[in-house]
Amino acid sequence: MSIQLHDKVSLLILDFGSQYTQLIARRLREYGIYCEIVPYHEKLEAIKAREPKGIILSGGPASVYEEDAFLIDKAVFELGIPVLGICYGMQLMTHYFGGVVAKAEHHEYGKAEVIFDALEGSESKLFEGCHSGKVVWMSHGDKVEKLPEGFTRIAHSTNSPFAAIAHQEKPFYAVQFHPEVVHSEEGALYLKNFALGICGCENDWNMHNFAEEQIKKIQERVKSGKVLCAVSGGVDSSVVAALLYRAIGEKLIPVFVDHGLLRAGEREAVEKMFKENLHVPLITVDASEIFLGKLKGVSDPETKRKIIGETFIEVFDVEAKKHDGIQYLAQGTLYPDVIESVSVKGPSKTIKSHHNVGGLPDWMTFELIEPLRELFKDEVRALGAELGMPREMLMRHPFPGPGLAIRIMGEVNFEDLELLRKADVIMLDELKKSGFYDKTWQAFTVLLNVRSVGVMGDNRTYDNTVCVRVVEAIDGMTATFAHLPHELLERMSTRIINEVDGINRVVYDISSKPPATIEWE
């Protein structure tokens, strides 16, 4: 399964399963270079049809010398366009051209200093304007032992004699490290040099052009029809509604479904926001009993997500029948949602299902409109600013479509939802008062499926445990736990335990992404 957003693209990134692949696209887009990610097994004819100006081979967990290695059609190197290999991509390039790749005696993970070798001619283009001795991020267990014929070394590190290589005649380059990771000090410049200096890509990707293009596409597609827009009150769906309203005006029918899994005061805040800030008429549907009824007895997180996604569609279908002329359903699907729903191993190996991804059931009569499906989160915020939306709306922390259902471990019920809402209000109140809310990417509480013994007064308790999760991130692709002051964490814990009956223990999640994900389910 391949996700194609545009007929043509400046750069194609072939994904071999690296946890950092999406970061490659993000770094390039920061320079205004449009690119897309496709699975490594994309058909050669499909690649040629896109007419890319260059190809990037991502990193990945496999080894090129193993039987089940992720391989590509060698004809990719015969398309007459530049190719950049990153980590596994470098080993694959070495392997294909007759070099030797072997298991390293010592794995190399973390920071390393890269020294440029004597550079001449085209071999220097990758590092043009950059400085030798800068820190990069290594993450590999294999190494290149012998270069293929025609290749030369252009950089090395203490543990990697071949930290970067280049073909002496053809525009083929490869690096053993990850330039896309923020720890690589000038890594983004290497990617920029490849895209602009070597491939000759254009850097005209920006939100003004994107907005104008999408408005035109929406108008041409919708014409005299009507669009039902799924609204959650989060940044994504709010930007979708604002974009659609700009494009088609009264032909937009925005529907906010209260599925009973919202945070405290969420419904009222959403209704106020649409009325006062967006000036878009909003229809609210209370479907909490329907959702909670279908979730009864369900504890598996994947099943919960699917039930919620299917029920959303059913509710919207009922609402659509109340209005004549509705042909389309609009959703706030983002590019990471699309990518994460397609594994590099093919459609049978889905990494993670997403409630917005996968199309509509056969019984539905309207078509999907997903104007944000090629954007990352920070690009959505930039688009919102381009549309004139207020900052306080755009900078709200992300909130998942399935809501609190995936922040309650196990079965979801009304009592646990109330417990979690109360704890969440306290945590967010303390975070905002301390000034850390705007400094963090996402903050929430999780009700664990764990009870523990406690003592309150002279009485023994056996109550619930709540986990506080606060992370820092640039785009949500990677994240680190926020190093909050102990005094702040103590205030959160004390207030939650004292003010919320049924909770006697609070813990703080100090996991980063990867290896953990931001949400628990």
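The count begins at 1 with the first shown residue.
Glycine is no exception: its Cβ is also placed from the backbone N, Cα and C atoms.
Bear in mind that the values here come from a model prediction, so they are computed numbers and not experimental data.
Annotated features in Swiss-Prot:
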- C87: active site, nucleophile (ACT_SITE)
- H178: active site (ACT_SITE)
- E180: active site (ACT_SITE)
- S232, G233, G234, V235, D236, S237, S238: ATP binding site (BINDING)
- 10-204: domain 'Glutamine amidotransferase type-1' (DOMAIN)
- 205-396: domain 'GMPS ATP-PPase' (DOMAIN)
Based on DSSP, name the secondary structure state of G234 (ATP binding site): helix, strand or coil. coil
Among the recorded positions H178, E180, S232, G234, S237, whose Cα is within 10 A of the Cα of C87 (active site, nucleophile)? H178
Residues lining the ATP site besides S232, G233, G234, V235, D236, S237, S238 (CB within 8 A of their CB center) are V231, V239, V240, G332, F399
Have a look at the recorded positions (E180, D236) and report the one with the fewest Cβ neighbours inside 10 Å. D236
Tell me the Cβ neighbour count for H178 (active site), meaning other Cβ atoms within 10 Å of its Cβ, over all protein chains shown. 24
What is the number of other Cβ atoms found within 10 Å of the Cβ of G234 (ATP binding site)? 19
Cβ contacts of S238 (ATP binding site) (under 8 Å, same chain, 6 or more positions away): V231, M273, F274, L278, G384, M389, M393
At the Cα level, what's the spacing in Å between S237 (ATP binding site) and E180 (active site), rounded? 29
Neighbour count (Cβ, 10 Å) for S237 (ATP binding site): 23
Hey, how far is G233 (ATP binding site) from E180 (active site), Cα to Cα, in Å? 32
